[in-house]
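A quick write-up on the structure given underneath.
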């Protein structure tokens, strides 16, 4: 039985980079990992494979949507540390539902007998607004992880994600493992002062604090995980939070909870205390 993770977060805050490095940390600790990119940009797995791979939708289009004509080699690429990667892709802009594509991807994996092959399956999901479609990975997940930065817009999105997790937990087993604070900057960004307060309010915690560091940004553009980058000053410190997250996830029965989101207006009321 696979450990299934659903990683969400506001767009543009390093969610896919964080997901790829969590996958890398898990793989280097011996887990067989599948990362599933659930974003029409289909770049979630770029740091692992070093390329934009063919999406499930593209593969299905080539066989006129006959699932039975596809094999694992048509939709899965293997990258750094033996991590298998799949990109769901999405419909043309302005048409269709991206969430439907996620469901099709899971169905295809199940038909190919691949879904239970892995120790860990990580869904990296578009997460500014959780519509019914893009919340689909929560139906399969054991744990959700929210990636957030120490700013209002990111926390507002995180609260909406908590609402989705709470709603899904009524019918499904998913719980919130915690929040990963990304791009933490104690010099000009306030560290994690806003995130600490928010996490306490909704009944969760910060799983790890990923520092704001140029090397992490460069690794993304290089098409590599941070683990695959050359050793340079600061690299070891940057790797610590990813290893902390992996260690937490692979322990037996990691502590998790159903979040208790707060109202939108309450978040605005909290803003004054974040000056």
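Indices start at 1 and increase along the chain as displayed.
Cβ atoms here come from the backbone N, Cα and C positions, even for glycine.
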**Prompt:** 12, 13, 14, 15, 16, 17, 182, 183 bind ATP in Swiss-Prot, but which of 41, 51, 54, 201 does that record place at the same site?
**Reply:** 41
**Item:** C-alpha spacing of residue 41 (ATP binding site) relative to residue 97 ([4Fe-4S] cluster binding site), in angstrom
**Value:** 14
**Request:** Counting other Cβ atoms within 10 Å, pick out the least crowded of the binding-site residues 12, 183.
**Result:** 12
**Request:** For residue 12 (ATP binding site), just give me the three-state DSSP call.
**Result:** coil
**Asked** For the binding-site residues 14, 16, 97, which one has its C-beta crowded by the most other C-beta atoms within 10 angstroms?
**Response** 16
**Residues that sit under 8 angstroms from residue 41 (ATP binding site) by C-beta distance, when 6+ apart in the chain** = none
